[in-house]
């Protein structure tokens, strides 16, 4: 007698990590521990824990964010440093001569109590043109730093998605976003000023929100101010931890430059009326500040980029390939 045919196999669940709405285990099969029948309707964006753990820019937690930034700096510090050297060269040309001229023109003002009102006015009048020139030079150096910051983030996205991290291409692509960044930056600056007049504390909040503004301008179009607020509040705790780290590094670097400059200024002031030491200490102090800013720029480019990517990934589905596509379509 032939054996009876085997019973039909139980229907397998549909492929994919998430069953469709209303799917239940087949009869006679127990649901896995923790299983719940999905609700009817569409599914929302996956949480950050569902993100690809191998994504080079997006992290589920602070430790992953920090480790990714260490890896980015180690892997791409050379092209990032080349970009920073471009900004440093611009700063060197416009800041060193004006710093020396300001120091020479205002050295008599340091002992203003020993000058008559007419002499003090004359000394200030001779130093004023150099002060104005120094302000113009600072603006030019700031524009170069903005372009380099955008180029650094662009270079990193291209590099981690398999492209060639070409400094020239990154800089050319970034130049198209410099003027939009200036416009949005001025608007953000007005909001920061309003925060200062509103008991100062709101200004710190606004500064934290707008830290990723350069990245928003680089990858997105329109509504930048509102977008910064939305990204920050998608997970304010995670955003604040990353922003505080970046700000802390910036403050530490600034303190190093300020202390070093103060020591050199004291050395130069020890020889009043002697031009050589004054010029030498001014040049060295300015050069040291430029070097510190360049080193800080190598670090802050990946920090800002990954902070933006993490904030955005907590608000909407995102992976690094999306950022690369947005750069390609820009």
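Using the three backbone atoms N, Cα and C, a Cβ is placed for every residue, glycine included.
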Query raised in the report: Which one of these stretches, 102-129, 130-157, shows up in TrEMBL as transmembrane segment?
Result: 130-157
Report task. Tell me, please, if the transmembrane segment (283-305) and the transmembrane segment (130-157) are in contact, taking contact as 3+ Cβ pairs under 8 Å between residues separated by 6 or more positions? Result -> yes
Requested in this report: Can you tell me which of 130-157, 178-197, 240-263 gets the most C-beta pairs within less than 8 Å of the transmembrane segment (203-219)?
Outcome: 178-197
**Report entry** For the transmembrane segment (178-197), distant same-chain residues with Cβ under 8 A (at least six beyond the ends)
**Finding:** 143, 146-147, 150, 203-207, 210, 213-214, 217-218, 224-225, 228
